[in-house]
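Asker: Quick one: the structure is below, questions incoming.
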Amino acid sequence: MKEKFSVTGMTCSACSAGIERTLNKTEGVRSAEVSLMGESMVVDYDESRISREKIIESVKELGYGASLFDESAWKKQKPATDSLKRRFLISLVFLLPLLYFSMGGMIGLPQPSAWIGSTVQLVLTAAIIAVNFRFFTGGTKALVKRVPNMDTLVALGSFASFAYSLVLTVFIYTGRMEHAHLFYESAAMILTLVTLGKWLEEKSRRKTGEEVEKLIRLMPDTVTAERNGTRSVIPFSEIAVGDLLIVKQGDYIPVDGKIAEGHAFVDRAAITGESMPVEVSEGDSVTGADIVKSGFLKVRAEKVGAETTLSQIVRMVKEAGASKAPIQKIADKIAGVFVPAVTLIALVTFAVWMLVSKEVGTAANYAISVLVISCPCALGLATPVAVMAATGRGMSLGILFKDAEALQKARNVNCVLLDKTATLTVGAPRVTDFELLAEEREFVLGMAASIEAHSGHPIAECVKSYAEENGGQNGIVTTGYRYETGKGAVADYNGVTYRLGNRKLLGNTVSKYAFDREKFYSAEGKTAVFLADDKRVLAIFAVADTLKETSSEAVQSLKDRKIRVAMLTGDNENVAKAIAGKVGIDEYFAEALPEDKAKAVERVQAVGGYVAMVGDGINDSPALKTADVGVAMGTGTDIAIDSADVVLVSGDLRSVSTMVDLSKAAVRNIKENLFWAFIYNCIAIPVAAGAFSFADISLNPMIAAACMSLSSLFVVCNALRLTRFGKRRTNQAILSSGNSGMQRDKTGHQEKKEAETAMKKTLNIKGMMCNHCVMHVTKALEGVSGVAKAEVSLKDNQAVVTLKENVSDTDLTNAVKEAGYEVTSIE
């Protein structure tokens, strides 16, 4: 069976590689994959040969924490940055006086005797070692298990400096030496600088997952539910399918469900990226993370907990961020032997310098520098930190990469094959043209509505809706309804037989004009539906699945990138030709069955095409699986989405070109990171070993430790650039076709006013006493991600917060609480 576990305490790629190597050698484990960025591992094991507890114990023996993965544990976790920050600050308190005693004499500061000076340095260094002792415990356990990591290198370097200095201190105590050059400050500085580097690195790494964390924070702690006519506040985790939930203006909808009562405009930007609020009312479906901009809703829960759309998206993005790209395999192999190789180089360096200089201090200085300057972190983080940043940014753009391999492959796409229905088109037929040839308009429309009321065919539904919405006469009740397969429907009214269907149904009543109009509409990709009585054609309805507004732009965008575009559809030649012509597609394949679409993908691949297949239906799934990159529209079927590598949540076809661009940017970023990691170590290790000392170029352990920290920080900061991908481009509204409901544009001053109101929150605050309090609260609120401005009034004990994106009440409340004040309510 396969299970996911949380792993804590990993500091570099050697850690994850060591855990993988150990577990993969363990009896009963088929495979283990560890994610440094995701702080997790997925283990496939035979439960009859090894237990879950044994797997956890194996990881703990290596010096790491392990437990069964808990999707909700994020709320209980304290960020690792807090612990690292605390360790750094405490270390700094001891380091500053240590530097005075160890180096103050160099700038003429008064110094105590050698005995007192060495004693103070020993005590201060021992305190810093105690604060950062996890480097020693983790490094030692890893070394004993023969999976050395970054902790091992840091521990060896700082211990060697400390041990050498301790021996010299003993010589001073015993009178064998009056003075000695001690390395206590090197040991202390190594530990302090590495801790500082890990703190800054962890802060930056957390930023790469900000998009996911923003979604996670949308889940409220409590909700208001109505059970048996009584309202009560219940924990989010206790929501059950069938519960009736109360959602007011400004609240997030906590589950997927149907509106039982109410009317509202909801913002779906968190999931789909669409910019305009969507109008919803009774009977419409809503999704967890939708925010009610205005109105009031009662929502009947249909999917809760891990089954909601929000939870599934978060899970998919986290899995993608934790997965390994093919390009990472080289780095993982090198990381697996990196620490042993560096340790060997350090030993050789020590031996060579002992032969050359005959001085233990000089040899130790160079050997320690080699240990602490080498950076397995930069090598191990090069790929996963970029993958996490790119998948997180993709999610905010409405693009879900299911794994890192899909992210890497998408950059190679040179041909995009598009399904027609619900991909290029809306996916629902509607009446595009209506021609009245005889009788009164109201009667003809009323007759059409009455006949089609008996049918559930999609075309019948759209004709009926059109007739009812355009003034069809009420009260027409037809009798004798019968449906003729492949032709249409027949019904009687006041002794006259009426027919509604295609030309085959009408027989001799088809006039030359009606026949010509059918050919005309067919050439435009439309279906002609005739209404006739016994003698003549009364009206013509032209029905078509209309194009999405963005389809032409999406196709042109792909062409601008020199990507070949073709359309595959099960529709007839006329419809295919018309649709292809309207969107600017030169190649199309009509009347294609599911297996034909898959074969079309294979034909393109056979001539060197790297194919992305974009579809939404069950009939697209074979082609999606066959393609190099399968892309499913988020508005499509579950089977299509399961078959795909990438999901376009918003259903906006323009996201295909964005997907390709993001993939190229991510892979370029990964290559930059790997190049830096390789070149850094290739240059830094020889310099630290003293290879260029003849030119007076050398490093001491303190500078080496700083270089190591900066190296991994550089990789993380470079990957962070991906979180800004696309933000300089022209902002365009991403329109979602949605699963249900109606979207109606609102214009003019009223829309602007409502939008401004919806992006503000008023906090009632208790405890402010003076203008200094106002300043503290303002600073705290404006420090929250997503807050554009905070206006705090001491007189009213209120703060009006202007938001540039959705920010939860919990985040605002916690920010004020941390500043020392209390939020009594939020409006």
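Cβ coordinates come from backbone N, Cα and C, glycine included.
Just lifted these from TrEMBL, have a look:
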type	residues	note
DOMAIN	1-67	domain 'HMA'
TRANSMEM	88-109	transmembrane segment
TRANSMEM	115-133	transmembrane segment
TRANSMEM	153-175	transmembrane segment
TRANSMEM	181-200	transmembrane segment
TRANSMEM	334-356	transmembrane segment
TRANSMEM	368-390	transmembrane segment
TRANSMEM	674-695	transmembrane segment
TRANSMEM	701-720	transmembrane segment
REGION	737-756	region 'Disordered'
COMPBIAS	743-756	compositional bias 'Basic and acidic residues'
DOMAIN	759-824	domain 'HMA'
Asker: With pairs 6 or more apart in sequence, are the transmembrane segment (674-695) and the transmembrane segment (153-175) linked by at least 3 Cβ pairs under 8 Å?
Answerer: no
Asker: Tell me whether the transmembrane segment (368-390) sits in contact with the transmembrane segment (181-200), defined here as at least 3 Cβ pairs under 8 Å among residues 6 or more apart in sequence.
Answerer: yes
Asker: Out of 88-109, 115-133, 334-356, 701-720, what stretch is closest in contact terms to the transmembrane segment (181-200), meaning most Cβ pairs under 8 angstroms?
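Answerer: Between the stretches 88-109, 115-133, 334-356, 701-720, 701-720 has the largest tally.
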Asker: So what pLDDT does the domain 'HMA' (1-67) average out to?
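Answerer: Its mean pLDDT is 87.
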Asker: Who are the long-range neighbours of the transmembrane segment (153-175) in its own chain, taking Cβ under 8 Å and residues 6 or more past its ends?
Answerer: 114-115, 118-119, 121-122, 125, 129, 135-136, 138-140, 181-184, 186-188, 190-191, 194, 339, 342-343, 346, 360-361, 364, 367-368, 371-372, 374, 376, 701, 705
Asker: Would you kindly list the residues that approach the transmembrane segment (115-133) from elsewhere in its chain, counting only those six or more residues past its ends and only Cβ-Cβ distances under 8 Å?
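Answerer: For the transmembrane segment (115-133), the list is 87, 90-91, 94-95, 97-98, 101-102, 158, 162, 165-166, 168-169, 172-173, 180, 182, 184-185, 187-188, 191-192, 195.
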Asker: DSSP helix, strand and coil counts for the domain 'HMA' (1-67)?
Answerer: 22 helix, 23 strand, 22 coil
Asker: Under DSSP, the domain 'HMA' (759-824) has how many residues in helix, strand and coil?
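Answerer: Helix/strand/coil tally for the domain 'HMA' (759-824): 22 helix, 23 strand, 21 coil.
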